[in-house]
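**Q** Features from TrEMBL:
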- B:6-29: transmembrane segment (TRANSMEM)
- B:41-71: transmembrane segment (TRANSMEM)
- B:130-155: transmembrane segment (TRANSMEM)
- B:188-209: transmembrane segment (TRANSMEM)
- B:221-249: transmembrane segment (TRANSMEM)
- B:261-277: transmembrane segment (TRANSMEM)
Amino acid sequence: MSLLTLDHVSKSFGALKVTDAVSFEVAPGEALGIIGPNGAGKSTLFNLITGNIAPDEGRVLFDGVDVTRKPPMSRVAAGIGRSFQIPQPFTHLSVFENLLVAANFGGGHHGHHAGEFCMDILDRTGLAGVADATSGGLSLLQRKRLELARAMATSPKLILLDEIAGGLTEAECGALIDTIKSIHAEGTAIIWIEHVLHALTSVVERLMVLNFGKMLMIGEPDEVMASPEVKEIYLGIEV
Amino acid sequence: MIWVDTIVQGILLGGLYALFAAGLSLVFGIMRLVNLAHGDLIVLAAFLILTVVNLLGLSPFVAVLIAAPVMFAVGWALQTYVLNRVLGDDILPPLLVTFGLSVVIQNGLLEGFSADSQKLSAGPIEAASLPLGPITVGVMPLLTLISAVAVIFALNQLFYRTKLGRAFRATSDDAVTAGLMGIRPRNVFAIATGIAMVVATIAALYLGIRANFDPSIGPARLIYAFEAVIIGGLGSLWGTLAGGILIGVAQALGAAVNPEWQILAGHIAFVLVLLIRPRGLFPRAND
């Protein structure tokens, strides 16, 4: 049985159809990459999965349950974790507290165990040294790591990563990919929107291409990238 | 020596203003909601305490233990059924709704309790005093200030040491992201307003023992509370205590010069702080 199913999901903002009858499935533990030009509706798709936006048509199923009308907090508890493209830490909370909030309310971890669980994640994401720092003062790399760490703290079955490698140097990107690989190795399913293609293809098993809200193609990364249609639309190459 | 006495009396009076303001500060800090009915809710709590005292023959100090949970429920219901519906990017709807609520509470109290002045009677403790070096302070004013410090301390512990407090701060930072962490912002807001009403009940106890009250005095309490919150810096609870004390001292000094100047002196102090430090004495670092 698939972990996440989108069944003909559509969403319009005014006359603009940002998500157009998108259907796909993600198996438990699978890693799926999403690519597409700016404005293709990638982040909107995430908002539809997390419940921040309600679809006009179609259904979203998670773990065998129809969550189409469920609010974001129920979906977090069910196991959908998310990181944002533009990091949105709770700036008045320390790095550790940011994780603790996610672990307490999203992951259902309590008491001492929650604290240890969070410290472990901070270790894995290279943030242990700044655990007590106010998250408002972090660097971009640290904020990106915090996005990932906080999503991990909700104990997700599926983690949504939105351009987490964007704006990072090659070396910074490498460490982040290693962490993402380790999350994947533990059996957490991943949907990852990314423009940094080599980062994406080193992790995901399948790749989806979105364009003007429509799913253009989904399949093995090599196959998708070799398609002339994708080359033309996504990479802007005339063939 | 008379000046030392005046300043001490002002500091003690400031405790009462800080109690008025603490609930307002809490609610503003968490949901950026300015509750224009806050003063009237304090008066409502005072009438509730009075009713419990009259019905059960209890001391006001015991009656407050019954009134506080009732007011928590009032705050919770008010937030859940009214204020949560009007919170949003536009700040005008909550202002209009709480302004309307202020009118409703005043007239409701007028209907139920008439315009007569009421007072809570605490017995002999009202007249008791303690020698403090060369000056003498009243036990009730001292108790008021101690309560204000205790309330602010307790709220700070709640904010920075508990799971609920972290949820308060996370929701205050970004309610949408808080939802993605599993927090239910509307529940958090309802609990926060409930707690603000418990603080308002404590304020009502000392208000009712210190002076006469009637259904019309809420808006003036709101003004003092507002000034204390703004002087202290929006969202800072210790700042709110400092703001309350500053107004109290200014009023006491004004009254010592000329009794007619008491209220005016408090407002002038407020304006001076705004001129010198527009963001208050202790603004939060990155707002």
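The chain as shown is numbered from 1 upward.
Keep in mind that glycine also has a Cβ here, set from the backbone N, Cα and C atoms.
As the structure is a computational prediction, the values presented were derived from the model and not from experiment.
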**Q** For the transmembrane segment (B:41-71), which partner among B:130-155, B:188-209, B:221-249 gives the most CB pairs under 8 Å?
**A** B:188-209
**Q** Given the transmembrane segment (B:130-155), which of the listed stretches B:6-29, B:188-209, B:221-249, B:261-277 has the most Cβ pairs that are under 8 Å apart from it?
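**A** The stretch with the most close Cβ contacts to the transmembrane segment (B:130-155) is B:6-29.
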**Q** Among B:6-29, B:221-249, B:261-277, point out the range having the most Cβ pairs under 8 angstroms from the transmembrane segment (B:188-209).
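**A** Checked against B:6-29, B:221-249, B:261-277; highest Cβ contact count belongs to B:6-29.
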**Q** Please indicate, using numbers and ranges, the residues of the same chain that are 6 or more beyond the transmembrane segment (B:261-277) and have a C-beta under 8 Å from a C-beta there.
**A** 224, 227, 230-231, 246-248, 250-255
